[in-house]
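Participant: Pasting in a structure now, in C-alpha cells, and then I'll have a few things to ask.
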Amino acid sequence: MASLGNYTADRGHSTILRREKCDAYLLIHLETVLGEGFRTFLYFLGLAYCFIGLSAITARFFRSMESVVKHSRTVETIDPLTNTKIVKNEKVWNYTIADITLLAFGTSFPQISLATIDAIRNVGNLYAGGLGPGTLVGSAAFDLFPIHAVCVVVPKAGELKKISDIGVWLVELFWSFWAYIWLYIILEVWTPNVVTLWESLLTVLQFGLLLIHAYAQDKRWPYLSLPIERDERPVEWVPVEVVKYSPLNKVHDRHSEASQVGEEENSGIVDIFSIHSGEGTGHFYQNLADGDITESSTSNSGNIIPEESDIVSIWKHQFVDALTLESAESRKLNNIYLRVARIFWQSLLLPWKFLFAFVPPYQIAHGWIAFICSLMFISGIAYIVTKLTDLISCVTGINPYVIAFTALASGTSWPDLVASKIAAERQLTADSAIANITCSNSVNIYIGIGVPWLIDTLYNYIAYREPLRIDNAEGLSFSLLVFFSTSVACIGVLVFRRLTIGAELGGPRVWAWVTCIFFMLLWLIFVVLSSLRVSGII
C-alpha cells in the first residue's frame, strides 16, 4: 500500500480543506483513477461499515465480560463460636474494578488501538501523529454527551435508575476531569508543544492511581475514601433474566436448536446448553447456569457431565445463526416491507456475524477466551478504520483533526455507546452505565494517549535524545478547554436530576428527552468550536 504520510501539509498551516493530489490507495492502485467524489463516497461507506462491525462485536464482547464478572469462587471459613465450617461463594471481581478495567478499557479499545497504531507508524518522527490524540479527545466528548443522552432515555417511561455508590462515582469523575487538566498542563504549562519521556510515563502511571483510589473508595478505606455511604447495591452485577424455555421433554431438530440459541444470543439472553439425556434417541434440552461449561455441569446439576461435542455444538450454533437471514420472529411479521428490510439488514451484517462466529463461546473459561478474542477483532477493525481515515483526509483534504473529532471519534466510541446502553437497560442501577462513560474518558488519556506517547518519546529519547513534539498543540489545548467547560454543564444537569427527580437516568419522558437534547447540543458546540480552532479559522 502506498504511503499515507506524503500528503501531510506543512506544519503550522491548518485549514479545513486542502486540495492536493492523493496517490494513496487502500486495496488496488486503480482506486486513484476514480473521481475524488466517488472515492470519498466509497471510503466513507467503508468507514460506516467498519463502525457497524464494531457495534456487532461489542454485543459479543459485553456478553463475555458479563461472564467474566459473574465468576465466583468457593470460600470456606470456620465459625469461631460454633466451630462449624461455613461455605459461601464470593465474586472474584470487584464491581468497581470491573467497571474501570474490563468495561471501560474494553469499550475504549478501538480508540486505544487506533492511537497505538498511529504512534507506531510515527516511530522515528519528531512529531506525534494527530489521529490518536484528536480521536481520543473527540471520543471523550462523544462519551460524555451523546452516550449520556442515549442512556437518559433508555429506561422505560417513569423508571428511575440512579447511581448507588456516589462516592465511587465522584472518585471516577475526579480522575476523569484531572486527566484532561493534566493533558492541558503537559501541552501548555510545563513544556509547551512538547511531551517528554517523564510526562508520558507519569500519564500512564496515573491509571494505576485511579484503580487504587477507586478500590479504596469502594472498600471505604480510612483516610483514602470519602465518608459517603452507598445505597443498597444488587448482589449480581447483571440481574438474572427470566427466559422462556421449551419443555424438557420436547424434541427439537437441529435447525430449531440453532435458531433458538441464535435468537437468544442476539437478544442478550443466556444460551441453552444441549444435553444428551440418554433416554430415547432425540435431543432434550435443559437450562444450565450461565457460567463456565465445566462448573455448570458439576454444581447443582447432579452427575450430568457435558461432552466435548456439546461445546462444539454451541460453537456450531454461532455459525448457523450468522448464516440465518430470517429468524422465527421476523417470519411472524405481516408487513412484507418490514420483513424485506430486516432480511436486507441481516444480509448486511452477515459477513461480520460470520467473522465474529469464530470467537469461542463465552461459556468457556468463564468468558476470558471470548473476551480476548473480541478485543483482537476490535483492534483489527480499528486498524482498517485508521487506513480509511487517512485516505479520506488525503482525498478530500479535510484536516485530519477535524475527521478525528467527528467521524472517527463517533465511530470508535460506538462500543462505548452500545455497552452503556446495554448496562442502562439490563442493570438495576446506573453505576456501570455512567461509570463506563467517566472511566472511559480516564482510560482514553492515561492509556490511550499515555501509552502511544510513551512509545514515541522512549524511541526519540534513545535514538535522538529529543522529546516528542505535538503538531497543532494549541488547537488540541483549545479543545480541552471547550470540553472542560461543556462537561461542567453536563455534570451539573446530572446533579440537578439527582436532586429533583431522584435519579440520573430515566424519569418522566418529557424531561428525559429535554436532557437528551441538551446533551446533544453540548456535543455540537464542542465539535464545531474544536473543528474551527484546529483549522485555524478562529
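Keep in mind that glycine also has a Cβ here, set from the backbone N, Cα and C atoms.
Dumping what TrEMBL says about this protein:
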TRANSMEM  41-62  transmembrane segment
DOMAIN    43-215  domain 'Sodium/calcium exchanger membrane region'
TRANSMEM  166-185  transmembrane segment
TRANSMEM  197-216  transmembrane segment
TRANSMEM  340-359  transmembrane segment
TRANSMEM  365-384  transmembrane segment
DOMAIN    367-530  domain 'Sodium/calcium exchanger membrane region'
TRANSMEM  391-411  transmembrane segment
TRANSMEM  476-499  transmembrane segment
TRANSMEM  511-532  transmembrane segment
Participant: If I count Cβ-Cβ pairs under 8 A between the transmembrane segment (391-411) and each of 166-185, 197-216, 365-384, 476-499, 511-532, which range comes out on top?
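Facilitator: Selected stretch: 511-532, with the most Cβ pairs under 8 Å.
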Participant: Under 8 angstroms for C-beta pairs, at least 3 of them, ignoring pairs fewer than 6 apart in sequence. Is the transmembrane segment (365-384) in contact with the transmembrane segment (41-62) by that rule?
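Facilitator: Taking Cβ pairs at least 6 residues apart, the transmembrane segment (41-62) and the transmembrane segment (365-384) are in contact, with 3 or more under 8 Å.
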Participant: Counting Cβ pairs closer than 8 Å, which of 41-62, 166-185, 476-499, 511-532 has the most of them with the transmembrane segment (197-216)?
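Facilitator: Ranking 41-62, 166-185, 476-499, 511-532 by Cβ pairs under 8 Å to the transmembrane segment (197-216) puts 166-185 first.
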